[in-house]
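I'd like to ask some things about the structure below.
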């Protein structure tokens, strides 16, 4: 029989194992892409679970001080009243039941002790026990409805996955009994109707459509308000909304039968996501059970993009820009629209403490910077610790302020430190940049040969990028465009990555980026006239990306406080002369009787990033000079401190980097001296990190002749990037 079926005992074991896995077991593999040539699985059809007859009907919602739309305090509507759930005996299995009942695929985690704030009213459930397979939280065992010894300081919260259950059906059986029912839909979109907006990227105007029970439906505009438009525009990365030509859309609506969602939206305007809005009036339903919109038409939104995403006559959008007098900025983020929040006060940049930091306040920051509402309010310095003062604490915004500085806040920051720096991840318009670029041949999705989609002879073809002068700055743009974080390496040879052979031809050359571009196509390049002597293929440009990176910042104030001039005899500068750290005129100075005027200083470099700093070259490639002597330039790995070779021998800027002194969070201190090396700027040991938003603050050293410029010489210290 086994031979007839073509199975061996091992095959049978595999089949039985495969069948025994539950659908939930495959959830962790859903993000794995199917290889070309393999059929995609059929779309899942949602089957609403059957509620046992003896289980009462309840309704759930997530409330409280949210930092993402898919998390919050668990609240239950039972017996005509909203109440909370106690955290006693609560588990991840119960969290799964809650999230699935709300239309999410699964739970990520749960949080005890009223992490989202204390609720009000009754505590409906205590000592909840679930096995994870229940269709509703009401089917789990507990002490009984309202039987508890808990207080609201023990209210439980959950964090659900962002992915929704395909075809999820909203249970409206209790709709008439509940006044404040939150919206639960599978997805939402802006569908461009007019030809002008269908060709434009990003889409800024069109019908508002929600996906309900696996079908896209329009929303009747009879109860639509500009507050609703503000929320929808914010979700798609736009800071504000505007009026549109209603006559044109009335004409379009009259030509086609619409499929309406049977509800209306009721937003206050400061929500970051429609799931926080309330369900409005229920529409009339005709005999065919289709919702009708008498004397109305589909709701339309027209959004105003931020300046960085506004369409232009040439490229369809503008490149990244810098505001002339910014009061707020984002630092330390890898992708567009994310970073640590910093505000300018009295001419000094400072951070924001994360006490009471939530989606509403974070959305004010995002809109102020030209993005949409906040996707996530980040706490605990997860995007790096800042430096300097903490300007704002306990921020309380209404959501309609023009700037976060207009919100109520506490200027006292006692109890706050930079481990509590607030950050934000904003909604950004869908520009489609990630579809114009790909990494090929890498061992994982974060590395590979860079291949771009370019138009050649009227057709779009994939090709490589010339690696000549390819650096970390260009690699940073690639990683940002693909949403893969920071660039850890830029490769000029990629023969060890076997990419697509049909994409070996070079389609882009002469690439030179500033580091702020959102797409590699925004960088300067040769255009259609490609010039690459080395060719593509094995010499195509490559990158390696990382979600975290070091972020080195110089303490400029310490440099200014410790800087002084010193006339140094040439016989004590032999090391600096041999390492080419002095000005070109130093070769004409007498070694026995000559002097050079040097600027001496102490510096402190902090690593504000989320990764340890490692020098660009390994220890085998470090330059050890004879005049460093034994131990005079050795680094202390535990403290990050290093001593300069200027302890009687000589040296120059960059000694800490040349000797490989690590910068592990606490920073490094060194004493350095230098002269002006005209033209240009001093050698930097951190060249591999020059694409970071906050790169190492190098110094341009000044040197003068003591005989000619003793009285008139004024040292100038300035940072460079």
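Glycine is treated like the rest: Cβ placed from N, Cα and C.
Found this in TrEMBL, in case it helps:
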SIGNAL    1-27  signal peptide
DOMAIN    60-161  domain 'SRCR'
DISULFID  86-150  disulfide bond
DISULFID  99-160  disulfide bond
DISULFID  130-140  disulfide bond
DOMAIN    190-304  domain 'SRCR'
DISULFID  267-277  disulfide bond
DOMAIN    328-427  domain 'SRCR'
DISULFID  397-407  disulfide bond
DOMAIN    437-546  domain 'SRCR'
DISULFID  513-523  disulfide bond
REGION    700-721  region 'Disordered'
COMPBIAS  707-721  compositional bias 'Basic residues'
Between residue 513 (disulfide bond) and residue 407 (disulfide bond), how far is it from one CA atom to the other, in Å?
37
Please report the Cα separation of residue 140 (disulfide bond) and residue 99 (disulfide bond) in Å, rounded to an integer.
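Pair distance, Cα basis, whole Å: 14 Å.
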Between 150, 160, which of the disulfide-bonded residues has its C-beta surrounded by the fewest other C-beta atoms within 10 Å?
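With the disulfide-bonded residues 150, 160, fewest surrounding Cβ atoms within 10 Å: 150.
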Among all the protein chains here, how many other CB atoms are within 10 A of the CB of residue 130 (disulfide bond)?
21
Any contact between the domain 'SRCR' (60-161) and the domain 'SRCR' (328-427)? By contact I mean 3+ C-beta pairs closer than 8 Å, pairs at least 6 apart along the chain.
yes
Would you identify which of the disulfide-bonded residues 86, 523 has the most other C-beta atoms lying within 10 angstroms of its C-beta?
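Counting Cβ neighbours within 10 Å, the top one is 86.
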Are there residues of the same chain, six or more positions away from residue 407 (disulfide bond), whose CB falls under 8 angstroms from its CB, and which are they?
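Spatial neighbours, sequence-distant, of residue 407 (disulfide bond): 361, 364, 395, 396, 397, 398, 401.
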Sort out the sequence-distant neighbours of residue 277 (disulfide bond) for me: same chain, 6+ apart, CB within less than 8 Å of its CB, listed by position.
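Set apart from residue 277 (disulfide bond) by at least 6 residues yet with Cβ under 8 Å, we have 182, 183, 228, 231, 265, 266, 267, 268, 271.
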Rounded to the nearest angstrom, how far is the Cα of residue 130 (disulfide bond) from the Cα of residue 99 (disulfide bond)?
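Between the alpha carbons of residue 99 (disulfide bond) and residue 130 (disulfide bond) there are 13 Å.
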Whose Cβ, among the disulfide-bonded residues 99, 513, has more other Cβ atoms within 10 Å than any of the rest?
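Neighbour-count leader: 99.
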